[in-house]
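I have placed the structure first, in the form of structure tokens, so that the comments after it can refer back to it.
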Amino acid sequence: MASSLVFVALVGALCFTLANAQHHYDEHKTTRMVWCTKSQAEQYKCQNLTVAIERDRALFDEVFLNLTCFMAYSADECIHHIDREKAHITTLDAGDVFTAGRYNSLIPIMQEKLEGGFADYQSVAVIKKGSLPDLNNLRDMRNKRVCFPWVGSLAGWIVPIHTLQREGGMEVVDCNNQVKTAASYFNNSCAVYSLSDKHNPIGDNSDKLCTLCTGKIPGGRCSSADPYFGYEGAFKCLLEKGDVAFLRHSTVNEMLQTTEFKNIAPDTFELLCRDGRRASINDYRQCNWGQVPADAIVTSSARSFSDRKQYQQFLKRIAELYSDGTRDDQSRQGGQSFNSRNNINDQNAYGQFDNNDPYRTQNQYDQYRSERLDSSFAEERNQQDGTNTSILYEKFRIFESKRYGKPNLLFQDSSRALTVIPEDDQSFTKYLGPAINFIYGIRECPVPAMTLCVTSENELDKCIKMRTALKAHLLKPELICKKMHSHINCMQFIEAGKADISVFDAGDVYTGGLNYDLVPFMSEVYNLGEPEYYVVAVAKEDDPDTELTYLKGKNTCHTGINTAAGWTYPMALFISNGWIRPYGCDSVRAAAEYFTKSCVPGAISNEYNTGVPYDSMCDLCHGTSYRYCRRDASEEYYGHTGAFRCLVEGGGHVAFMKHTTVMESTGGKRKEWWARNALNDDFELLCTDGTRAEIQDYKRCNLGKVKANAVVTRGGVNYNETQMNAYINLLTYAQQLYGRKEVDAFSFSMFSSPIGHYDLIFQDATRQLQVIPPNKRRYDAYLGSDFMRARRITDCYAGASQLALSVGLLLVGSLVAML
């Protein structure tokens, strides 16, 4: 008896546990779904769907979800809202599915199916029959007026542009901007979004691809509000203004079934094949430009598998209840009970009771007002009990839109069903399949890669992060990072074609141009608004004995041997004014004989000092092991900030640097321990007249103005303008995306360095990169006469080179005179 009671108790406990578990499972089931709509008309159709679902709630059984509609104004807005979980699902063109998946982690969970069970469209080029007799092959597409659905649509933009790049002679003008490439190829056209921020990131697109667009309302031209937006809009554009329209194979027949175009015969149009021949509209299987997947329903990948499963079951039931795969759009029973206007701006476009009027705000809050759907019901006989009782049955159709004033709302009108995408296939790559080759192919660049040469491990780390950041946005050419032993090595590798670019100080721009035919093509810009900076001498405020006109016996801190601010300008000043003995043009010996101790990174390297090495030139340097006195970021006292650090903690009396360095490193702007207690007022500028000035007074108290650091590449016989333009293009887009200063652990900034490091690749003071005009892309033209004169004073080889050039010119002049 006791054992029986125990058994009963165990069974009861088990049942309670199972029931409780089921209760908790039900508790965690999602109960609602928010649908993001992309227009006012689509919002109205969605609201009609919510009422239909509420009426037929019993037919959904356990798969029912409370559906609400969230209105946006474009696919991009919906992608943004779903990514931030303000909405749950929307339908997207295959081109937008790529964008949503690649950049916002959205995934496709269901796909539309067309008549016959097909899940693909053919991309076709449509022309008016008998037009364009001069168009015999794809190369003849140049200078034609073209109608595109929108920039980024797979069938209407990506496939045609990709095809013309490979077969139609369309040259890539901008590796990272398809709109510029298309604008240089076609005549005036209409491609909606060609001036949007997304497709015009640096704001220099031509409006050529918006010229045919016809939007009138403010903000309506060349946007989703333009009458020529979408596949149906591109069809209208072809009828009224264009030579060619890129459409889906179903678009023409869909449009000819509408009231607006029902009097136009299908044979008014024909397809343009890739081989130049023409074909009938229905011959799209043999005459198309490529195959693309049908539209998909997407949601956030952050949604659980359980949520996605519920969405699929709910949407599948909607498609079953509210679709008619065999319907005839022209003779649908009860169809006349709907408002079938085609233009949403027509008099009755807002329905019998104006209840989808965007200016009637109450409709946004009262989604279930009965009068709103009065026009969506028809009177039918009750077929269940055989009586003549009249009952209103809703005639809602999920794959029909013309009653709402516009076609293809929520779903394409050519769709007949929805198919579930299995969990393992819920990614944009698997959904797109082979069509993804069109998307990546359109982004190919005639210059495949750009190799950046750096000189330290820290710079290499930053370069790799930069490569990852650029790759995330699919920017081309691909960035490759290469670390070399020194800047001289980088010059040699660039000249030999083993590297492509590097960022050099003005002194290295000189060396690279003189000895290796390198040319500067982009320069950094600091706080002056021009690619230049002031060279300043800085001393401590509590060290009044240090004076610029007499530094004998002092300890000095320099940015590096042969650098402009840290060596060439100050040494030229001292030598030219007779403050130190010149020893001919041997500035290293002059400094070693005059200063007691210094840190001049690179001073004992035979790459930079071909004369006698003086150990005192590195006595203040801080690098350990092989890093000691190296002319790169591995030496802690290298560069402008390194020279300032040498002054702060390394025993220096004076440091030579650019005018922004002190302000960048004091007042808590740097977190490193050596800079924590440093304030602007602790330091002063040394002026050439022996006086001092405040740090901010650099315009009056300086050693001269020098050109900013520059990005260099090959010149001379190896000069390649296509490559240079591709490098300029990549760096321009890179700074647009990553030029900000405010960074965190999860973001990248081109013009910032990690805590503990400074001026990696680019100067931390950089605000932007500026393209150097073509007439300044020689080292001497860029650097200017002041720098060239200073270099001749401090560098024996510079003087010899200049002398040889002058003698050569003199001989040529004499020969000409004799002739």
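Glycine is treated like the rest: Cβ placed from N, Cα and C.
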Given that Swiss-Prot records Tyr121, Tyr231 as binding Fe(3+) 1, the matching residue among Asp93, Asp197, Asp204 is Asp93
For the hydrogencarbonate 2 site that Swiss-Prot gives as Ala565, Gly566, the extra residue out of Thr556, Thr559 is Thr559
Bonded to Cys646 via a disulfide in Swiss-Prot, from among Cys490, Cys557, Cys585, Cys796, is Cys557
The residue that Swiss-Prot pairs with Cys190 in a disulfide, chosen from Cys175, Cys210, Cys213, is Cys213
By Cα geometry, the one of the recorded positions (Cys69, Cys78, Cys557, Thr559) nearest Cys453 (disulfide bond) is Thr559
By the 10 Å Cβ-neighbour count, the most surrounded of the recorded positions Asn48, Asn66, Asn187, Thr559, Asn720 is Thr559
Rounding to whole Å, the Cα atoms of Thr559 (hydrogencarbonate 2 binding site) and Cys599 (disulfide bond) are apart by 8
Students should find that the Cα atoms of Gly566 (hydrogencarbonate 2 binding site) and Cys46 (disulfide bond) sit apart, in Å rounded to an integer, by 68
Taking the centre of the Cβ atoms of Asp93, Tyr121, Tyr231 as the Fe(3+) 1 site, the remaining residues of that chain with Cβ inside 8 Å are Ala94, Pro149, Ser153, Leu154, Ala155, Gly156, Leu247, Arg248, Thr251, Val292, Asp295, Gln412
Other C-beta atoms within 10 angstroms of the C-beta of Cys463 (disulfide bond) total 21
Neighbours of Cys213 (disulfide bond) among recorded positions Cys36, Cys147, Tyr231 (C-alpha cutoff 10 angstroms), in sequence order, are Cys147
